[in-house]
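Right, one structure below, let's go through it.
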Amino acid sequence: MAAAAAGTATSQRFFQSFSDALIDEDPQAALEELTKALEQKPDDAQYYCQRAYCHILLGNYCVAVADAKKSLELNPNNSTAMLRKGICEYHEKNYAAALETFTEGQKLDIETGFHRVGQAGLQLLTSSDPPALDSQSAGITGADANFSVWIKRCQEAQNGSESEVWTHQSKIKYDWYQTESQVVITLMIKNVQKNDVNVEFSEKELSALVKLPSGEDYNLKLELLHPIIPEQSTFKVLSTKIEIKLKKPEAVRWEKLEGQGDVPTPKQFVADVKNLYPSSSPYTRNWDKLVGEIKEEEKNEKLEGDAALNRLFQQIYSDGSDEVKRAMNKSFMESGGTVLSTNWSDVGKRKVEINPPDDMEWKKY
């Protein structure tokens, strides 16, 4: 009975104020009571703001930022909610968003310069981990709750993360090749979602921004050697790479991909390079020529026995007319491979019977 009375008293105390001090004492209990309070008053901006604080103390930053945003929707001038939104973004390592939030909050709070976020918030301001329950009584100074302090921390964190991103970006490679009508750039980035890729084309510039699976941003900006047609240029996101196709206005061969201020002499595609495999490598190979050499070798190769006979049939079929090919196909299929005729006027009128060689017997399996 006494326990029930104590619980009722605690509930009434929370409902009366939901102050930071009371929340500091028992964040989980405060969270439950605030949730009940919001069921009765779903449009109370302060309740959302204080519930965000409960979630912050419990380390639930993703949920906390949602409550802080809801509080700001209901009361855009609530700088405490702005501060708590920024704290969540900071601890989720979304430093750019946190910096923007703190800067906006500083404008709202220009008169006072700081806000109290609760006695248990000290460790949250200085650590990426939620505080232990036995340390929630630590005090917080005005400096720790100052928007300016948070802005500085975000800037320092951004500078550190940018250097890490630069190191990571330096490991990302891209390659390019060209055809007569387009230049194709391949970014060697795996497992990227299409919504996380933004590519912008201009006449002589390409800009690509990719949100990597790690959460970092990859930037590629190229000043192109020759003009392109932006509206006909496209990109495709695949599981193993990102493929960017730049449309050429004319069949000009690019000597290199980038050109900074230089005016290159256009070189037209000519017949002797038409069937070269497109590549940025200085070494090229004419595949038509290679195929021709292989065919010539096969033609001059001396075969014996069945191999020579098969070569003869292949040559007859390759050089034959449509009627010859039809006759060979029909006779071979209907006779079970025992007859091969080139006379369509004969085999076209009848079914070709099975006729094995004299020393062999036909068996059906």
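Just so you know, glycine gets a Cβ as well, placed from its N, Cα and C.
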Position flagged as SUMO1 cross-link [Swiss-Prot], chosen from LYS256, LYS295, LYS325, LYS349: LYS295
Position flagged as phosphoserine [Swiss-Prot], chosen from SER127, SER214, SER331, SER335: SER331
DSSP-derived helix, strand and coil totals, residue by residue, for the domain 'CS' (169-258): 7 helix, 44 strand, 39 coil
SER331 (phosphoserine), number of other Cβ atoms within 10 Å: 23
Mean of the pLDDT scores, which run from 0 to 100, over the repeat 'TPR 2' (45-78): 91
